[in-house]
């Protein structure tokens, strides 16, 4: 299933998902710095593995995916399948609604 078929995302619900499943490793605010994972500010339109000051796996750099709604929707289903060799240990969000909500939140919070 593609992002086009996804339910409309709810950024408020996405914020809750981010806080419970993502915030232990990622920040979204400009200049917030990196944690175990990279800061996600400016995520949309950026190429994977290119955030300055973060040590990415070769897999992330070599994948050279452009992050957007479609790529994030697929990636967040199963990160290790989408980018084999990624350092991200998160197993993914199986529910289309959860992925759509998280993407809606990320669009607002990382812009």
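Every residue gets a Cβ built from N, Cα and C, even glycine.
Over in Swiss-Prot, the protein carries these features:
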- 1: N-acetylalanine (MOD_RES)
- 22, 25, 26, 88: heme c binding site (BINDING)
- 80: N6,N6,N6-trimethyllysine (MOD_RES)
- 94: N6,N6,N6-trimethyllysine (MOD_RES)
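Annotated features, which come from Swiss-Prot, shown on the structure.
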{"residue": "22", "record": "heme c binding site", "DSSP (3 states)": "helix"}
{"residue": "80", "record": "N6,N6,N6-trimethyllysine", "DSSP (3 states)": "helix"}
{"residue": "88", "record": "heme c binding site", "DSSP (3 states)": "coil"}
{"residue": "94", "record": "N6,N6,N6-trimethyllysine", "DSSP (3 states)": "coil"}
Check: same-chain CB within 8 A of heme c site center, minus 22, 25, 26, 88: 23, 24, 35, 36, 37, 40, 90
Listed binding-site residues 22, 25, 26, 88, filtered to Cα within 10 Å of residue 80 (N6,N6,N6-trimethyllysine): 88
Largest CA-to-CA spread of heme c binders 22, 25, 26, 88, angstrom: 11
Neighbour tally for residue 26 (heme c binding site), based on other Cβ positions within 10 Å of its Cβ: 22
Entry from the modified residues list 80, 94 having the most other CB atoms no farther than 10 A: 80
Inter-residue Cα distance where the pair is residue 94 (N6,N6,N6-trimethyllysine) and residue 25 (heme c binding site), in Å: 19
Sparsest-packed of the listed binding-site residues (22, 25) - C-beta count within 10 angstroms: 25
Alpha-carbon spacing, residue 94 (N6,N6,N6-trimethyllysine) to residue 26 (heme c binding site), which is rounded to whole Å: 20
Neighbourhood of residue 88 (heme c binding site), C-beta criterion under 8 angstroms, separation at least six: 25, 37, 79, 80
